[in-house]
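Novice: Submitted below is the structure of interest, expressed as structure tokens.
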Amino acid sequence: MVDSKRMDSGSKDMINDLPDALLCHVLSYLTTKEAASTSLLSRRWRYLLAFVPNLEFDDSAYLHRDKRVKNPLHEKGLVGFVLTVDDKRKKLSTSFPDFVDRILDLQGNSPLDKFSLKMVDDHDPVDPDCVAPWIHKVLVRGVSDLHLVIDMNEWTSLPAKIFLTETLVKLTLKIRDGPPIDVKHVHLPKLKTLHLESVMFDEEDIGFSKLLSGCPELEELVLHHIWSCVWTSCSVSVATLKRLTFCCNNMKFCGMHEENPNNVSFDTPNLVYLEYAEVIANNYPKVNFDSLVEAKIDIWMTNDQLDEVRIRDIYEKNVMVGNATDLIVGIRNVRVLCLSADTLEVLTYCCKQIPIFNNLTHVTIQSTPKVGWKSLLKLLKNSPKLQTLVFQGLLHRDTKEEGVAIIKIEKQIEKVKHFLETMPHLEQLVLHYDSSIDGDMKQLLMLSSLASPKCKVQLIPLVT
């Protein structure tokens, strides 16, 4: 048996010979619970824990499924008990907060890079008497990355100091079921990345604008489920912004009744990447995407608009039930574009004109049997430099006069053939097909013979 401290005579414990700074760096890649367990090794390791620059706390990591056991870290003064899933949450609350308190006390005022806290429970809310002091402590220590995933429920508010911190570079707030946050005063001069999920604002669109105005160096903004669709207007106006993810699709997947947002504006002249998912707005007063390189667009009509389309489309030509023209014109400089099936439908019924995409070289089309390709040909004709065309699925809706949706692989193949014959500059065509539905492989394989010599056709079966 090789001794844990000596591999052979004269050898040394290589790990213990490493400098403290390097060991602290290694510990920073572990969860705080894992890092704390190293304190059992020796007094030196407990000392190192006091200087770990990254702290990550997750209350779900403190649940044991079989029985309530005494945690050996308790003997080191770090934690009380680890409880079973069957134990009451109330008992757990005396263990996990105690662990966080002891770690923060152990570290004192040493510099801190990242503080991550996840406390999510479907039954009991977070105790604000515990969380608020933790946030204050790490902000005083100059934390640069603050990551909070919390079920707030009855928690009155986030500490206002979060939005008045000169050291924060990255801020993530995922607050479920909490009250609106108050952002009357915002001063985040170094903030580069802001990630908000399920966050509501006390003054809705005004509060959101105040928050952005207090972040003069912001480069990346991620918004998920912030309920902007119920605001009077929504404006993302940040001159320094380079990446924007704006996904307010909570009602789409919940099957809730949707209403069109009134006004949505984007004044982001330096933006290079956009991911936008939302029901179409009534108006897009300002769309400034002068530097945009890549865009992923998933916009859709409300159920009321879809019903109107189904009724009028049988008897009328060029039916328009909304206006997303300004948004589509605003992204005309992109090089890489991904459009959802719903967006294709918006182009058909809510876009008076499709602009010329002079820089577009790569297009990805997501297809579904519920949505047609009526606008696709016009889009491709207006993309003179297109080199790569990707179809994710070949099925789409073909509506006849009687309103019956006919789905046949032959119809899709004919349209793809047409794309190949009319796009001489195309260099690559990628087809993601469902082999259980798009069963006629012979027709798919024939596409290669129709393409120009420089166009590569790639067939990729979808994994189910």
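Even glycines carry a Cβ here, placed using N, Cα and C.
So Swiss-Prot lists the following for this protein:
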DOMAIN    12-60  domain 'F-box'
REPEAT    172-198  repeat 'LRR 1'
REPEAT    200-225  repeat 'LRR 2'
REPEAT    233-258  repeat 'LRR 3'
REPEAT    336-367  repeat 'LRR 4'
REPEAT    368-393  repeat 'LRR 5'
REPEAT    408-433  repeat 'LRR 6'
Novice: Counting only residues 6+ away from its ends, which parts of the chain sit with a Cβ under 8 Å from the repeat 'LRR 1' (172-198)?
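Specialist: Result: 120, 125, 144, 146-153, 155-158, 160, 163-166, 207, 210-211, 213-226.
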Novice: Please indicate, using numbers and ranges, the residues of the same chain that are 6 or more beyond the repeat 'LRR 2' (200-225) and have a C-beta under 8 Å from a C-beta there.
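Specialist: Contacts with the repeat 'LRR 2' (200-225): 163, 178-194, 231-238, 240-250.
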Novice: On the 0 to 100 pLDDT scale, where does the repeat 'LRR 3' (233-258) sit on average?
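Specialist: Average per-residue pLDDT within the repeat 'LRR 3' (233-258): 81.
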